[in-house]
């Protein structure tokens with residue numbers, strides 16, 4: 001388990017939650033799925049990722065430190081569910097009906113696709129864009145795609161194309 005200056009108490013809480021939910025899933029599914037590898041190497045605005053082939057969960061140490069309780073309650077089971085779905089059903093839609101079932105019926109956790117954590121500390125440079133109704137901040141990656149002509153982004157509220165300020 002790789003660490004990134006995380007207090008041992010937080011690492012232990014993550015492991016407790018992971019083992020608790022894994023045991024719960026194994027009991028409900030009548031299986032004996034192994035404990036996944038766990039690392040704290042996720043970067044950027046993603047709270048975590050599940051790597052199917054290596055059976056690994058990567059967690060974002062910055063977001064974990066800033067949102068410990070909610071992170072442990074929500075993100076750890078979320079990523080575990082991806083691995084369990086892959087083991088149980090094979091390759092399916094990432095947040096499809098199998099994942100939702102695993103989250104709600106097996107793990108007993110609300111099936112939320114995205115986190116609501118404050119991202120200021122992990123967000124890199126953004127670029128201002130406008131539509132009819134508001135200003136938007138595009139990431140460097142999205143901005144570069146617009147500049148290269150590879151993408152066009154629209155406002156989810158008014159449907160207008162976003163234009164650089």
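Every residue, even glycine, has its Cβ placed from backbone N, Cα and C.
Since this is a predicted model, take the numbers as computed values, not measurements.
Here's what Swiss-Prot has on this protein:
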ACT_SITE  79  active site
BINDING   78, 82  Zn(2+) binding site
DOMAIN    20-162  domain 'SprT-like'
Quick check on the domain 'SprT-like' (20-162): DSSP residue counts for helix, strand, coil, in that order please.
56 helix, 23 strand, 64 coil
Binding-site residues considered: 78, 82; fewest surrounding Cβ atoms within 10 Å belongs to 82
PLDDT averaged over every residue in the domain 'SprT-like' (20-162):
92
Long-range Cβ environment of the residue listed as 'active site', under 8 Å and at least 6 residues apart
48, 49, 50, 57, 59
